[in-house]
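Chemist: Just dropping this structure here.
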Amino acid sequence: LALGPLAQSQTETCTVAPRERQNCGFPGITASQCTSRGCCFDDSVRGFPWCFHPNTIDVPPEEECEF
């Protein structure tokens, strides 16, 4: 199975500003329930979702080296 160019140029990160978090869970969700959904868990910031979708960031393609 080959990955398409879109899949190769993006990656996900759990570094998301609290105000930008998109809820991925439900009240009382545990860290293991959250991560099993493919989401991020951070309960250190009150008033914002603890279980949230990761950020997708674009990664520039690697340049091929010529010898």
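Don't overthink the numbers, they just go from 1 along the chain as shown.
Placed from the backbone N, Cα and C atoms, the Cβ positions cover glycine too.
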Chemist: Pick out which of CYS24, CYS40, CYS51 TrEMBL lists as the disulfide partner of CYS34.
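Modeler: Recorded disulfide partner of CYS34 in TrEMBL: CYS51.
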Chemist: Which one, CYS39, CYS40, is listed by TrEMBL as the other cysteine in the disulfide with CYS14?
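Modeler: Checking TrEMBL, the candidate bonded to CYS14 through a disulfide is CYS40.
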Chemist: Where else in the chain does the domain 'P-type' (12-55) make close Cβ contacts, counting only residues six or more beyond its ends and a cut-off under 8 Å?
Modeler: none
Chemist: Where CYS14 (disulfide bond) and CYS39 (disulfide bond) are concerned, what is their Cα separation in Å, rounded?
Modeler: 8
Chemist: Have a look at the disulfide-bonded residues CYS34, CYS40, CYS51 and say which one has the shortest Cα distance to CYS24 (disulfide bond).
Modeler: CYS51
Chemist: Sort out the sequence-distant neighbours of CYS40 (disulfide bond) for me: same chain, 6+ apart, CB within less than 8 Å of its CB, listed by position.
Modeler: CYS14, VAL16, CYS24, CYS34, CYS51, PHE52, HIS53, PRO54
